[in-house]
Each structure stands twice: as structure tokens, then as C-alpha cells.
Amino acid sequence: QLNATFYSGTCPNASAIVRSTIQQAFQSDTRIGASLIRLHFHDCFVDGCDASILLDDSGSIQSEKNAGPNANSARGFNVVDNIKTALENTCPGVVSCSDILALASEASVSLTGGPSWTVLLGRRDSLTANLAGANSAIPSPFEGLSNITSKFSAVGLNTNDLVALSGAHTFGRARCGVFNNRLFNFSGTNGPDPTLNSTLLSSLQQLCPQNGSASTITNLDLSTPDAFDNNYFANLQSNNGLLQSDQELFSTLGSATIAVVTSFASNQTLFFQAFAQSMINMGNISPLTGSNGEIRLDCKKVDGS
């Protein structure tokens with residue numbers, strides 16, 4: 001059972017150390033908060049929140065970093081390593097890499113204007129990775145709402161969690177390659193996605209021409225790209241969602257998600273409360289506790305390897 005005081009006797013400053021390291025990282029990288037919370041998300045959806053996403057290729061381990069949802073896009077690993085080093089210097093062998101991801105997510109959100117919440121702790125780190133699981137379990141920006149809802153449901157998260165957690169796209173960037181399917185030939189129609197605002201469409205077509213680079217990046221939230229707020233939901237209401245998986249939350253006819261988007265768009269406090277609770281819910285997915293797993297000394301590799 002995870003709890004808020006897990007390190008109070010062994011590493012009381014753990015949370016403060018994580019926070020100050022991330023504060024430092026923000027100085028040179030305004031998108032680091034979004035990158036760190038995404039690592040936690042992509043970790044938790046694959047065999048639970050066990051830091052399996054952080055393991056590099058080695059021996060029998062096929063790294064999840066090479067999975068489609070992570071290759072060329074998962075980032076922030078260096079900051080996780082910096083946090084781990086700082087923690088090892090203060091309380092060696094105590095704080096798990098999976099707990100670092102949970103703490104880093106809360107710090108990333110609260111440092112950018114979003115809510116704070118009490119992070120439950122006590123996760124341990126996996127001894128292996130699951131490349132196939134990362135390829136199949138992580139929701140894709142190209143998927144329809146029903147598929148994405150099923151993937152959330154498979155890890156015990158409901159429609160409210162889905163909409164709240166999607167709100168993390170209030171900050172961070174996305175590459176042309178994850179939304180250019182909407183720009184020219186959407187689902188074989190030879191035209192753009194009809195749910196994409198025409199002004200945004202023209203600017204994205206210029207940014208991401210048909211034979212252009214798939215790795216050019218743009219803001220997920222065109223109004224306040226680096227602030228954690230509820231503007232993401234207002235963007236959906238004006239068809240300014242960047243990803244297909246974003247816009248479908250509001251544009252899928254008859255979907256239960258529409259009312260949730262509407263309520264979050266009109267009430268930031270409500271969104272912040274829901275987001276904090278859904279982050280706790282996501283952080284509770286199948287953690288390794290007790291004597292399961294280990295406390296990795298280096299987040300990139302299993303101890304003794």
C-alpha cells in the first residue's frame with residue numbers, strides 16, 4: 001500500500017530535492033515538465049508504475065525506449081538521472097526511480113501554475129522492461145476515442161480520468177508526425193480533418209508540409225503553451241485541439257467526454273481537483289511494493305548489471 005510518508009524517516013527531503021532539480025532544469029528547458037509527466041504516464045500504462053520505461057537495452061532487456069510511442073519522443077531521462085544522483089548523494093539506496101517519476105510529475109505541474117497534490121510513495125522498480133507492452137498498451141494520438149477509452153479502462157481509469165489526464169496537453173510540444181495525418185488526407189478522405197479549426201489548419205500545413213520533416217515540433221496548447229491551466233479544454237471547444245486524440249474528446253458525437261470537457265473549460269478549479277485525483281489514480285496502477293522489485297541505484301539499469 002502506497003502512502004504519503006513512506007520516506008519521512010529515511011529521506012525526508014526527497015520531495016524537495018526532486019523539486020529543486022526540476023526547477024533548475026526548467027531554466028534551460030521550458031518543456032521539461034511536460035516531458036517528465038509523460039514518462040510517468042508511459043511508464044504506468046505498461047505493467048504499472050515500475051520505472052520500466054527508464055531501463056536501457058542490455059542483455060535480456062529490450063528497452064521500452066524503442067517502442068513506437070517512445071522512440072524519438074520520450075525525453076527527460078537526463079533530468080531523472082540528475083534527480084537520482086542528488087537523492088543518492090543524500091540518502092543512498094532509498095528512493096526508487098518509479099517514485100521519482102511520480103514526484104517529478106507533481107513538481108512539474110505545480111511549478112507551471114497547476115495544482116499540487118500529496119504524492120503517495122513506496123513503489124519499487126522493475127527488474128525487466130516490456131517492449132511489446134509499450135507498443136500495445138499506450139494510447140496513440142491516431143486512435144479513436146473508443147480505443148483510447150478501452151486502454152484507460154484496462155488499467156482501471158474511467159472517462160473522467162481520461163479527460164482530466166488529457167488536460168496535461170495544456171503544456172508541452174508534439175511533432176508533426178503525430179498530427180500530420182489530420183492535415184491533408186485524413187482517414188483516406190483526400191482532405192483535412194473536418195474537426196480542425198481552419199486557421200490552425202493553414203498554419204499547421206505551412207509548418208508541416210506533406211514531404212516535410214516529421215520531427216518539427218509545435219505547441220500542444222496554442223494559447224498558453226508553457227502554463228498548466230484549463231485553456232486546453234477551451235481550445236477543444238473551438239476545434240483547436242492539436243492531436244486527433246485531443247479533439248475527439250469534444251467532437252465525438254454523443255460521447256460522455258463532451259460534458260466533462262465543457263465543465264473543465266468553464267471551471268479551472270474543478271479541472272485542477274479532478275487532475276490531481278486522476279494523477280493519484282494513475283500513480284496507483286499495479287505498483288511493486290514490499291519485497292517485489294528493487295530500488296535501482298541507477299535508473300537506466302537493473303542493480304548488479
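The backbone N, Cα and C atoms fix where each Cβ goes, glycine too.
The model shown is predicted, which means the values in this text are computed figures rather than measured ones.
Per Swiss-Prot, the N-linked glycosylation site annotation among the candidates Asn13, Asn284 falls on Asn13.
Among the candidates Thr170, Thr262, Thr269, the one that Swiss-Prot lists alongside Asp221, Thr224, Asp229 as binding Ca(2+) 2 is Thr170. Looking at Cys97, Cys208, the record from Swiss-Prot puts Cys176 in a disulfide bond with Cys208. Taking each of the recorded positions His42, Cys49, Cys176 in turn and counting other Cβ atoms within 10 Å of its Cβ gives the largest count for Cys49. When the disulfide-bonded residues Cys11, Cys44, Cys299 are compared by the number of other CB atoms within 10 angstroms of each CB, Cys11 has the fewest.
The distance from the Cα of Asn197 (N-linked glycosylation site) to the Cα of Asn185 (N-linked glycosylation site) comes to 16 Å. Here Cys97 (disulfide bond) is compared against the recorded positions His42, Gly48, Asp50, Cys176, Asn185, and the shortest C-alpha distance is to Asp50. Sitting within 8 Å of the Cβ centre of Asp43, Val46, Gly48, Asp50, Ser52, and not among those site residues for Ca(2+) 1, are the Cβ atoms of Cys44, Phe45, Asp47, Cys49, Ala51, Ile53, Glu64, Ser98, Ser126, Asn130, Ser286. Around Asp43 (Ca(2+) 1 binding site), the C-beta neighbours below 8 angstroms that are at least 6 residues distant in the chain are Cys49, Asp50, Ala51, Ser52, Ile53, Leu54, Ser98, Leu101.
In sequence order, Tyr7, Thr10, Cys11, Ala14 constitute the residues six or more apart from Cys91 (disulfide bond) in its chain with CB-CB distances below 8 Å.
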